[in-house]
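**Q** Copied straight from Swiss-Prot:
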type	residues	note
BINDING	GLY38, PRO39, SER40, GLY41, CYS42, GLY43, LYS44, SER45	ATP binding site
DOMAIN	4-236	domain 'ABC transporter'
Amino acid sequence: MATVTFDKATRVYPGSTKPAVDGLDIDIADGEFLVLVGPSGCGKSTSLRMLAGLEDVNGGAIRIGDRDVTHLPPKDRDIAMVFQNYALYPHMSVADNMGFALKIAGVNKAEIRQKVEEAAKILDLTEYLDRKPKALSGGQRQRVAMGRAIVREPQVFLMDEPLSNLDAKLRVSTRTQIASLQRRLGITTVYVTHDQVEAMTMGDRVAVLKDGLLQQVDSPRNMYDKPANLFVAGFIGSPAMNLVEVPITDGGVKFGNSVVPVNRDALKAASDKGDRTVTVGVRPEHFDVVELNGGAAKTLSKDSADAPAGLAVSVNVVEETGADGYIYGTVEVGGETKDLVVRVSSRAVPEKGATVHVVPRPGEIHVFSSSTGERLTD
């Protein structure tokens, strides 16, 4: 087990002037489960492959523990990698697949068998040790691939979208198994995914990348509560945070027919940048619907006393998930039509085509600079 350090690590592919990974700076603690997440092409898999030694590092350094491994070959890094496709040998049994790396390393048969059986017990694979991969389900094959990594007892686990080939239900159960297994083994793990739900549920910390640049690295809770910029705010959360550009008024921001109070330091910071508007972020669950007796509207001042409080939302689609309902609608802001998602009780879902008015709850507003995208509120 060991710490992992990306020290301004950079990768520029031949023939390109733009780095695929640009000055990546992350310190990963011993035994930590860190998830790299971002859209396709953001550099997350490239970062993992740089750590594995499968990609050259053109600038900066990578360290595992006290060792600088920047230019070491993969075999000398003491890492084990699990891929999206399981890469099992079809002609070998499960036991032979799991122990193959140890066999190549010259470990004696008795020790190999002992380590394979221990890993199989952890992964509930004991009864399948004599089977061939074709006789296993997708989830079982993925566990065999993990077992092959476990028996090597590496300092660092690397996982590159290992759940992508599994169906939705199996993905949920397997991700909980991987997270609990990592906590039991205590081995430092770097996990790559494009699925932010996976990232939020599995990682001790999450690192969000975009266009090769690190946007934010933090605990899942802090990242959800305090996204560093507009990209993170829109990427983390399902459904995503609503982002609406609204004008600054005295003491707050104009939200439809209501004035929502905002931290004065945030408004001053926006004014200092020359912004006349700010981008307000509100999670779907942090709206009150006026027509459903939402209490937040009563605390806000209104521009026009005879008009309903808040922002008028035209309901286009209603999704009912059983426990909750989600309103997918459109709003008119500054002459532009914007999409908005609001979570409501499944017992009080409006009709499609209806118009409802929404206001954000006090203290649940995120304010971002419209010009730079950076977070302005604490």
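Using N, Cα and C of the backbone, Cβ positions are placed for all residues, glycine too.
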**Q** State the three-class DSSP label for SER45 (ATP binding site), counting H, G and I as helix, E and B as strand, and everything else as coil.
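**A** SER45 (ATP binding site) sits in a helix per DSSP.
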**Q** For the domain 'ABC transporter' (4-236), provide the mean pLDDT of the predicted model.
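**A** Here the predicted model's pLDDT, averaged over the domain 'ABC transporter' (4-236), is 93.
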**Q** Just name the winner among GLY38, PRO39, GLY41, GLY43 (the binding-site residues) by count of other CB atoms within 10 A of its CB.
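**A** Per the Cβ count within 10 Å, the most buried is GLY38.
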**Q** On the three-state reduction of DSSP, what should I expect for PRO39 (ATP binding site)?
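**A** Coil, per DSSP.
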**Q** Please list, in sequence order, the residues in the chain of CYS42 (ATP binding site) that are at least six apart in sequence and whose C-beta is under 8 Å away from its C-beta.
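**A** Spatial neighbours, sequence-distant, of CYS42 (ATP binding site): LEU209, LYS210, ASP211, GLY212.
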**Q** Within the chain of SER40 (ATP binding site), which residues six or more apart in sequence place their C-beta under 8 angstroms from its C-beta?
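**A** Listed in sequence order, they are HIS194.
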**Q** From the centroid of the CB atoms of GLY38, PRO39, SER40, GLY41, CYS42, GLY43, LYS44, SER45, the recorded ATP site, which same-chain residues not already listed sit within 8 A by their CB, in sequence order?
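**A** Output for this site, in sequence order: THR46, HIS194, LEU209, LYS210.
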**Q** Just jot down the residues in the same chain as LYS44 (ATP binding site), at least 6 apart in sequence, with C-beta under 8 A of its C-beta; none if empty.
**A** LEU36, VAL37, GLY38, VAL192, THR193, HIS194, LEU209
**Q** Using Cβ-Cβ distances, find the residues under 8 Å from SER45 (ATP binding site) that belong to the same chain and are at least 6 apart in sequence, listing them in sequence order.
**A** ASP160, GLU161, VAL192
